[in-house]
Amino acid sequence: MTEPSTSPNHVSPNVDQKPVDQPAPSEGDEPPIPNLQSSDPGQITRSSTSSTRTNVSEQGIATRSHTLSIPHLLELLDTSPTEGLAKKVASERVVRYGENALGADEGISIIRLLISQLANALTLVLVGALGLSFDVRDWIEGGVIAGVIFVNTVIGFFQEYRAERTMDSLRQLSSPTAIVMRDGQPTVVPAKQVVPGDVVQIKAGDVVPADIRLFIVSNLEVSEQLLTGESVPVVKSIETYKQADLPLGDRLNICYSSTVVTQGRGSGIVVATGMSSQIGRIADAMNDNKDDNSRLSLFSHIKETILVYSGVRKGTPLQRKLTKLAYVLFFCAFLLALVVFAVAKFKITEEVMIYAIAVAVGIVPESLIVVLTLTMSLGTRRMAQRNVIVRKLDALENLGGVTDICSDKTGTLTLGKMSVRKMWLVGDAEGYELSTHTTSDALEPVGDIHEGGDNGPVVNPDSIHEGLAQAIRVASLCNVATIQQNDTGVWVSTGDPTEVALQVFAMKLQMGRSEQREKQVPVNIEDDDNGGLRFQLLREFPFSSDTKKMSTIYFDHENHGQSICYTKGAVERLLNASSSYIPAPISAPNATAPITDELRQSLLAKAEEFAALGLRVIGLAQRILPVDVSAMSRDEVEQDLTFLGLAGIFDPPRPETLPAVRAAKEAGIVVHMLTGDHLSTAKAIAESVEVIGKDAPASAVMTATQFDKMTDDEIDALDELPLVIALCAPQTKVRMIKAGKRRGRHMAMTGDGVNDSPALKLAPIGIAMGLAGSDVAKDASDLVLTDDKFDSIISAVAEGRRLFLNIQRFSLHLLSTNVALVVLLVAGLGLRDHEASSVFPLSPLAVLWVNMITGTPPSLGLGTEKAPKNLMKKPPHSVIDGVFTWALIIDTFAYGVCIGLTCLLSFIIVMYAGVTPGDLATQRNAGVSQQCTLVARARSTVFATLIFEFMLYAWVLKDFERSIFNLEPGVAFYKTLYENKVLWWSVIIACASSVLPIYVPVLNTKVFYQQAIEWEWGVIVGMTLAFILWCDIWKIVRKPLYAKFLPPPTMELSASQSSSEASSIV
């Protein structure tokens, strides 16, 4: 933290009375900290709860905030450094200044949705049919087609609008957040709700939510590459500058919106939001040049617009692939129309033209994309209810194919509610050990601490000896966590769980940092015996994943000639940096002796003993330093330490973790635990949740050092990748992902820190923590866990598998029905009348009716089908083969051809084997005359058979392997069918509606060219039962048939295949 100069002349025992408005220091001086606890409270605190009437833009605060002193800025913005803004004031300022966003939210474009509905392949075919119908003056058919276009567009629009709204609401859940002071409480708010005057806290990994003027910094470094192009992070300070026109990169007391905190922490006052921020001004300038840029490439712009609105350039890989498939089928529809013309020897009459259009309509699966979009949006909503936010839909398509999960331990596999169970002071004797147990609330700083074992004497907080006090000060002061009671009396905390546990332990002994709000200043303090402020923070070196240590340097007002460094971290790293210890901490706490190699080994053995109990072991050390430490580097500070002892922290596994790990194993998923803990701690926790067994081979458990030292060839030579990696560093996660890819594994990786972002980006499925995760980690991830629990990952995988299976279900249903229509209509070309003209087995409008009734409703029902009970007992599906496997393609033709042939057979039976056998007279495609009655009845039979088979086929696809009459063992099949209400009523209503075009006068004869039927219902039932029988036979033979003739699913990726390629294959 930036502090006053550390020379003796600058040290004052009364830190609170430091002058407020200090002049800017001369070059080379340590920048001073402005003391916000002025003798005139009204000068720097909010004077009222009403919002200020000062117009921030008119005052030019945003442009000259780097030249304003902190008290002056607080007065202008009517805010307080400790209280922040009142919630009411913040709400008023949101209205006044607008949301903190770069331009207005585009939201859902109704025009774009309408155009996309009109641009799909089916609509284009129908528009062509509409034009031809009106051209030949068939007003009835033209009117019906126009109505179909309207209904299709409206239904598609509302379905896609609903899906877009769902996705928009989920995007809001994963939007950036900020920690601001509201009514004196640290509050997490959406970044767009940040307003001028807010006091914002930032830390490593955060994306800066707005332009802020800093008044507290602690080793704060910010990457401003987005704004200035400079790749090296900028070290921030709180210095007030005099020059108003400083370049942006030289205003070190300002953090700019959208830049990334790479190290340290800080607090500041928001001076500009939204389009008033520096990044907003750049965005505004880019918008001004937008028209000029578009004119330079008008053709490219038009081309891109067409591709976007047609769906080829938007959506997930599967959505884009299905859109392309729709247009390929559109081209096939054109070819089929040519076939119809060729059969008619290109004597293109009105009837031939309309029939060609009917065949073209039959091949296009018009609702495929809409159903896919709606199904995925419903899936993301279900996942949100299970505490998983989907940031990228690409991951949703491949989530069910996950083969490995690489999980953090703390807070994911464990509760994240850490508590200190043991503390041990090193000494020549056996040492001095403390033990404690926590209450049900790990944050509540109450409970006895015992000397020795759990039954030893209770430590009296009023008579703690200096040797113990030294160790507790390390736990308390080398620590940035806070613990306090909120307005409802509940204990709450901020900061890393490890530091929270240490702080609670210190507070139990009445040695925690002071948390009295009226004494809050930009330094951390501890009360001495006289009630004064004993320790003043001079410098802080935050925890680093590279050094595995954290250090703070304090000026000790009790010992005016020295500063003291408190360091905590990994035991091995701390021992390497230590040169001495205290042989007798009880009787001679200030006498030190050199650490011998023998003692070093005994200390490691003691740490191993703690770790074997499942405790996270933290080393504690200190070092006496001179007063002036401003020129000392971190390496110079963190050497020649005096090792004090160990703290053993327990973080129990979550109750739901063990069942979730077992479920993952049953699903063929390998669980890996990558943790920063000691090897023995990691192994103990891994065994308790069955990540590894008691008889696991040595290669299953490694340290990051061992894994990183191995070459790629050596890693590839291992029988299996390690199940547990201890002391894990961010680069270890990256190597793990790369090793998994070389083995063809589809891995999910969890992470929370800014350094985890490379691994999250590289992983096929990157999962960020919503509670403990940084903004950078969330931005790099595909999924965000809102509860940080491991079992939420398993729920997400299960939902991914369900979605994948349902996408296969409705894709198979839609494509099979299209195959059936093509078989029926093309084969029907062979039915000729006396004039050698083809007789239609279905009228064009009947084809449209069938498409509408049997399209979206049952497909959407299949998209909402629940997961089968054995879904998570099967191995993951292949992410390379994707949805359209060879099995699905063969099934499409096996079912579709059968439907088409049974419908054609029903036509032939009625025509040639009916009660009144007849032949195919002339002019039977343009209406129903007395001599065409039999053809009309045959058409009605085909129509009803087609709808009944299509709809019952949806029930057949509830399971790819089991009979429709035995979908769930031990449960009556009709109960299983009724479970999915959407699918049930879709089938029932569609089947019931089939009688309308058959029996409604005028509608049947003038529009559909059909007629009422009687005995023909026997044919309909017979053909439908024959199809159901074929389905059961096919389900019996398909599995052994595929096992014999089809290659096994492709699970492995080539070594050269990138993660982006892997995630885009469907």
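Every residue gets a Cβ built from N, Cα and C, even glycine.
What TrEMBL annotates here:
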type     : residues  : note
REGION   : 1-62      : region 'Disordered'
COMPBIAS : 1-15      : compositional bias 'Polar residues'
COMPBIAS : 35-44     : compositional bias 'Polar residues'
COMPBIAS : 45-54     : compositional bias 'Low complexity'
DOMAIN   : 64-138    : domain 'Cation-transporting P-type ATPase N-terminal'
TRANSMEM : 113-133   : transmembrane segment
TRANSMEM : 139-158   : transmembrane segment
TRANSMEM : 325-346   : transmembrane segment
TRANSMEM : 352-376   : transmembrane segment
TRANSMEM : 810-830   : transmembrane segment
TRANSMEM : 842-862   : transmembrane segment
TRANSMEM : 883-914   : transmembrane segment
TRANSMEM : 934-956   : transmembrane segment
TRANSMEM : 982-1003  : transmembrane segment
TRANSMEM : 1015-1034 : transmembrane segment
*Recorded stretch, among 842-862, 934-956, 1015-1034, maximising Cβ pairs under 8 Å relative to the transmembrane segment (883-914)*: 934-956
*Do the transmembrane segment (934-956) and the transmembrane segment (325-346) come close, with at least three CB pairs under 8 A (pairs 6 or more apart in sequence)?*
no
*So what's near the transmembrane segment (842-862) in sequence-distant terms, Cβ-Cβ under 8 Å and 6+ beyond its ends?*
122, 126, 129, 141, 144-145, 148, 151-152, 155, 159, 354-355, 357-358, 361-362, 365-368, 370-371, 374-375, 806, 809-810, 813-814, 817, 821, 824-825, 828, 925, 939, 942-943, 946-947, 950-951, 954, 957-958, 980, 982-984, 986-987, 989-990, 993-994, 997, 1007-1010
*Looking only at the domain 'Cation-transporting P-type ATPase N-terminal' (64-138), what is the mean pLDDT?*
79
